[in-house]
Amino acid sequence: MTQAAPQGVSVVLGSQWGDEGKGKLVDILAADADVCARCAGGNNAGHTIVVTNDKGEKVKYAFNLLPSGLINPKVTAFIGSGVVVHVPSLFNELDTLERKGLKVADRLLVSDRAHLVLGFHQIVDGLKEIELGGSSIGTTKKGIGPAYSSKASRSGLRVHHLYDPTFPEKFRKLVEGRFKRYGHFEFDTEGEIEQMLALAERLRPHVVDGPTWMHQQLSSGKRVLVEGANALMLDIDYGTYPFVTSSATTIGGVCTGLGIPPFAIKRAIGVVKAYTTRVGGGPFPTEQLNSVGETLQEVGAEYGTVTARRRRCGWLDLVVCRYSTWINGYTSLNLTKLDVLDGFKEIKIATGYKLDGKLIEGFPADLDRLGQVEVIYETLPGWDSDITGCRTWDDLPENAQKYVKFIEEYLGVKIQYIGVGPARESTITVF
Ligand code: 2SA
Ligand code: GDP
Ligand code: MG
């Protein structure tokens, strides 16, 4: 049985480069939550949930801006102040979920302080990538970086600005600034202003004073579940900069993104994929550009949820997970996609990086130095059976148990959940 959720805040965070399977865990934990919140990022995030319905059919849900906890009909969704919101995409996602029979509209709230992603941010995202050429980031082109740039340069527009008579004027000024920087690009400024003002009316009943609402939830003993977006190695400060997203994806981003004090956080569950994937550009020390990488990609169905790009694949990197554990302080872990390793004769795990012949303690900040590391691997024996039907620790083959124990001991954090398939029920709850 899953442990009862404590009052206060429970957080689910990605410990690698994203797509660890955070959505699946959030969906499971939402059974025991009153609120499910997003605190950072935007609709660049993609979470796939597989639920078996009453007829035994598998139903797939994809979440981008909305939190995955919404499948539980008792949960209220909250889009926090640290999130960047593209309002047309928000409503597209809401409408798609409602068409699938999931009633969402009456339990969705958005902070008045969340910044807006506007159409020109998305165009500029593409233009910036073209400008970078061979060293492009490989963004999702959802306008996330440009929207956070507007925010940091103090010219961004927030949700509350939609209800301010100066919104059109401010919007035009922002577009003019982009024309000056990138030259004239095709963009229907007046058409977009009109669309935003129309959507503002639809959004109005969902808008709340973000920090006040969060404070009310916490002071009335509500159980708040936070769905981390992206992951530690994509964090603007601690990730492989500049190959990162533009938000704070760490535990720190949960406090700033929701407007809550750190002591409100009762647990932080780190999600660790049993191997490593990355989508987009940037360094990836354990990447396997060979048949191992291809097998992981195919068996793990590693395609971007938002962009359908093939995800790059490699062995589990415990140097990354250790670094991520230091920063986020996980109280327990969810090891996911262990089933994807079924059938490998041997499995490698990175346990150290050597630079200039010496083992280093942390994770290099300088990407040139990172490019020079020699990755030290431990080789563990694989298992030759299908573990997708395992439901308890004892069901797992001995070598799979050894693999899990190795990770747990290296990181010094208990593995609470083990994923053995995409569906909700394909989960071993260890404690
Ligand atoms: P952005 O669009 O500015 O946030 O891109 C910057 C970098 O962050 C990476 N990034 C992601 N990495 C993994 N998963 C993400 N979500 C989607 C998914 C990705 C997709 O769930 O599969 O569909 O491609 C995500 N979002 C952003 C991105 O690849 C850049 O490296
Ligand atoms: P997120 O961004 O961290 O929420 O992860 P994504 O949803 O983008 O990617 C994870 C993918 O792996 C999804 O397609 C999930 O359905 C799938 N998945 C999650 N856990 C498991 C697991 O334990 N085994 C397998 N085979 N698939 C899983
Ligand atoms: Mg994802």
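The first residue you see is number 1, and the count goes up from there.
Positions of Cβ are set from backbone N, Cα and C atoms, glycine also.
According to TrEMBL, the residue from THR166, THR240, THR245, THR295 that belongs to the IMP site alongside ASP19, GLU20, GLY21, LYS22, ASN44, ALA45, GLY46, HIS47, THR140, ARG154, ASN230, ARG309 is THR245. Within 10 Å of the C-beta atom of THR307 (substrate binding site) sit 16 other C-beta atoms, taking all shown protein chains into account. Taking the C-alpha atom of LYS151 (active site) as reference, the shortest distance to any of the binding-site residues GLY18, ASN44, ASN230, ALA308 belongs to ASN44. A gap of 9 Å separates the Cα atoms of GLY18 (GTP binding site) and GLY46 (Mg(2+) binding site). According to DSSP, HIS47 (active site, proton donor) sits within a strand segment. With a cut-off of 6 Å between Cβ and the nearest atom of ligand 1, the recorded positions ASP19, GLY21, ARG311 reduce to ASP19.
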